[in-house]
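Presented below is the structure to which this report refers.
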């Protein structure tokens, strides 16, 4: 009996090992295909960080290099720092924006024009897993350095969440809308969520540009305070470093300006500014903070016209360039939900603790709610109006000497041609033709069916898995 039990246990282990090997053989080519390019992406980022850390170490001592590397990685991924007992969570947004832009472009290049479903899964897991592991390593470096230097390891959970958001944004942008549409069609789901997020992102992008303009204009009017901040520097190198630091904080101030234009507030400690009031408090000596109003804005409530105009223009351009609107109400409500989610994440990443000054940034929940309201209301109005206007179609048929049957046949033929042209135009405006979506749906369904029904047949499934989906 004992021998039989041992034999059964050994057989079970062998079966488990065989199954694990079979699964690894299925994932191995995708891990190899996407893992190396993604590692190169982060290696470039780490190379720049190490170079800066070495430059810092030349003056401050090379014993600080590991702590500097960990701190810079946290800055790039918008984690937080704790130095000399002061927490710094209000980190510059510009480095993270550069990383998102560069990694999203690399993601588009790495994925190419054809991919498998399993390949996409491997790409997403690797794109998120690698930076999370690096963040954990950076946290351990800071924790180890805290035993020697006057610093502390930051909140690990916040660091991991911010890393996930930064690199997740790069993945979402890099996969392109056509890929997301194909994934939805693969599950027989509507594609309006993709359009909702595109509409939300367009609104946020234009509001961000308006925020940059607002900060630049007010900083120009407050030129004396802008120049006075350079009094803390002693030489040209110090002035240059202060200017670079101010430039990296411009996106943070722009997000604060967006919050103010939406009707909310931007606060630094006990001081806050909105379109209706302003509290004057002492601010850090950073040149770009001259763009923060220290007194009530003249005609402040009239600036609420800015988000209203931007929302109407964005939605109107969206409707005008579409030959077909899929679920106008759902798209409008979805755009409101999408801009609320994006706004909350952006406001959270752009804010944080500013040492002894306290919390700085926009109120996340208010930023999200106001963004949703400003976009969803005009989107509902314009899309419902466009849908109703498009539902009433009147066609005049010129008199003809042909028979009634042939006339009806000609009219039907013309209607079919118009429908084909409209469908083609709508597909082109959505960055993917309807025929490509149909082909992608068919191929990915075949891949999914193969994965579900033939999982134990290693060789045959591997061949089925390599069938690609053209986007």
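Just so you know, the numbers here start at 1 and follow the chain as drawn.
In case you wondered, yes, glycine gets a Cβ from its N, Cα and C as well.
For 1-22, 397-471, the entry in TrEMBL reads region 'Disordered'. Look at TrEMBL and you will find 1-20 tagged as compositional bias 'Low complexity'. Among the features that TrEMBL reports, transmembrane segment is placed at 38-63, 83-102, 123-143, 155-175, 196-220, 240-264, 271-290, 302-319, 331-350, 362-385. Annotation comment: TrEMBL describes 400-413 as compositional bias 'Polar residues'. For 445-471, the entry in TrEMBL reads compositional bias 'Acidic residues'.
When Cβ distances are compared across the two stretches, the transmembrane segment (83-102) makes contact with the transmembrane segment (155-175), since 3 or more pairs at least 6 residues apart fall below 8 angstroms. As a quick check, the transmembrane segment (271-290) and the transmembrane segment (38-63) miss the bar of 3 or more Cβ pairs under 8 A, pairs 6 or more apart, so the two do not touch. Note: the stretches the transmembrane segment (196-220) and the transmembrane segment (362-385) are in contact (3+ CB pairs below 8 A, sequence gap of 6 or more). Counting same-chain residues at least six beyond the ends of the transmembrane segment (155-175), those with a Cβ under 8 angstroms from any Cβ of the stretch are 74, 76-80, 89, 96, 99-100, 103-108, 110-111, 120, 123-124, 127-128, 131-132, 135-136, 138-139, 345, 349. Below 8 angstroms of C-beta separation, residues 30-31, 34-35, 38-39, 42, 46, 66-67, 69-71, 73-74, 77, 79, 107, 110-111, 115, 151-154, 156, 159-160, 163-164, 166-168, 170-171 of the same chain, each at least six residues beyond the ends of the transmembrane segment (123-143), sit close to that stretch.
Tertiary neighbourhood of the transmembrane segment (302-319): same-chain residues 199, 202-203, 206-207, 210, 260-263, 275, 325, 370, 374-375, 377-379, 382-383, 386, selected by CB-CB distance under 8 Å and a gap of 6+ residues from either end.
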